[in-house]
Amino acid sequence: MRVLIKNGIVVNADGQAKQDLLIESGIVRQLGTDISPQLPCEEIDASGCYVFPGGVDVHTHFNIDVGIARSCDDFFTGTRAAACGGTTTIIDHMGFGPNGCRLRHQLEVYRGYAAHKAVIDYSFHGVIQHINHAILDEIPMMVEEGLSSFKLYLTYQYKLNDDEVLQALRRLHESGALTTVHPENDAAIASKRAEFIAAGLTAPRYHALSRPLECEAEAIARMINLAQIAGNAPLYIVHLSNGLGLDYLRLARANHQPVWVETCPQYLLLDERSYDTEDGMKFILSPPLRNVREQDKLWCGISDGAIDVVATDHCTFSMAQRLQISKGDFSRCPNGLPGVENRMQLLFSSGVMTGRISPERFVELTSAMPARLFGLWPQKGLLAPGSDGDVVIIDPRQSQQIQHRHLHDNADYSPWEGFTCQGAIVRTLSRGEMIFCDGTFTGKAGRGRFLRRKPFVPPVL
C-alpha cells in the first residue's frame, strides 16, 4: 500500500514546511517537494491543509467497570471515535481488578478487551491498587513486556497511603517506568461530601464544592515531595484542573525535578456553571470543572510550555446511566466525560486558530510529547522517514458545529454539543490506511496493534 499526500503543510513539533509525504507499507518513506513515486500509489491532495502526526491520547478509559456501572464505550466504539477525531494511538488506563489481583491479571483482561476490537494502535498503563512484595517484584517483568507506565490513585476505593506510594515510586523508578497519579486528597473530599449529604445538598453543584481545587493541589504538592524523597522519581500528573497545582509543578521544575503534567479540553473550555444547568449531571467528573479564572491559568500553561500534554480522560457513561444510578444525587453518579473524538479539533480551533499556540506546539501537546514520555517515540508523534504513517489532515478553512448525532462514540450526549470549531478533520490515516475520510469512518475493528513501549527515558526539561 502506497499513499502520497501532496501540497500540504507538514508539521512536526520542531517545524513546518509545504511538502509532499510518501507512505509505503505503513511507514513514512519520504518527505520533500514534488515527490514522484516509482510505483503506482493513492494520491491525496492536501492543498491548504495542515498535515499533522496522528494524535496520541494517553488517557482513556474504555470498557471500565467502576463498580456501579461499566462505561458504554468498548475498544471498538472508543477507538472508532478516536480515529474519526484524528487520534491514531491511545494508551488506556486499566481499571481496578479483583481485590488482591496481580498486575498481569489486569493486563490479560484488557488485552482481551482490545483484541479484535481496536481500530487504532493501543497500549495500557498498569494500575497499582495495592502494595506487597509480589506486586513490587512483578513491576520489572511488566516493564520488560512493554508496560512502562503505571498509575497510582490517592482517592477512590484502592487509594494508596504515603508509605505505599513511596514503595511504588522507588520500584517503578528502578524498573524504568513512569509513575502517573490521580491526585486528590481523599480524606478532605470524604469530609466535605459527608457534610453536603447530611444537609440534603446533593445537586450537581455540590460535586464541585465537595472537591475544591485545594484538594487536588495539596495532593499534587504531596506527590512532588514524595517523588523527591523516593530518589527523584519521575512523575506525571494526570488531568490537571487548576492553577495552584500548576504553580507547584512550576516550582518543582525550577528545582530540576522530573515532573510532567497533562490537562484536558474540558478544563480549558468548560466551567463550573455547567453544574447549574438542567443537565448538570452530564458534567460529573473528577476533578470537577473549575471557574473561568482557573481556565485562564491553564491556558497560560498551554502557551508557555508548563503543561506538557493534552489528553482526554475519555470515560463515557450515558445520560441514561447517570440518571438511573444517581437519582439526582451527585455522590452516586458515575464520573467521567466523553471527548476522545473532539480533542484534536477543539485544541486546534481554540489554540491554533486563536493564536494561543503555534501549529508546532499543537503537535507537541497532542502527539510528540505524549509519544516521548510514554515510550513510543519516534514510531509515533513524528512524520519522518521510518516513523509510522499515522496522519491527520486538518482543513483550517472549514467551520463545524459539534453535534452528537454526527459523533462515533457510544454515548447518548456530548458535553461539547453546539460548540463551533474553526478547522475540520478531513482525513485520518493509521499506518497508511485511511480510517476516516470526509465525515465517514472507513476503518475496521481489530486492525489496531498492541504497542510494546520502551522503558521510560526523560525528555529534556
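Glycine is treated like the rest: Cβ placed from N, Cα and C.
According to Swiss-Prot, the residue from HIS130, HIS173, HIS182, HIS207 that belongs to the divalent metal cation 2 site alongside LYS151, HIS239 is HIS182. When the candidates SER123, SER191, SER286, SER367 are compared with the substrate site entry in Swiss-Prot, which names TYR156, ASN335, the shared residue is SER286. Of the listed candidates (ASP313, ASP329, ASP388), Swiss-Prot assigns ASP313 to the same divalent metal cation 1 site as HIS59, HIS61, LYS151. Listed in sequence order, the binding-site residues from HIS59, HIS61, LYS151, ASN335 having a Cα within 10 Å of the Cα of HIS239 (divalent metal cation 2 binding site) are HIS59. In the three-state DSSP scheme, ASN335 (substrate binding site) falls into the coil class.
Counting only the Cα atoms, the space from SER286 (substrate binding site) to HIS61 (divalent metal cation 1 binding site) is about 13 angstrom. Cβ neighbour count for HIS59 (divalent metal cation 1 binding site): 26 (other Cβ atoms within 10 Å of its Cβ, all protein chains included). Those same-chain residues not listed among HIS59, HIS61, LYS151, ASP313 yet with C-beta within 8 angstroms of the centroid of the divalent metal cation 1 site C-beta atoms are THR60, ASP92, HIS93, HIS125, HIS182, VAL238, HIS239, ALA311, HIS314, CYS315.
Across the fold, the C-alpha of ASP313 (divalent metal cation 1 binding site) and the C-alpha of HIS182 (divalent metal cation 2 binding site) stand 11 Å from each other.
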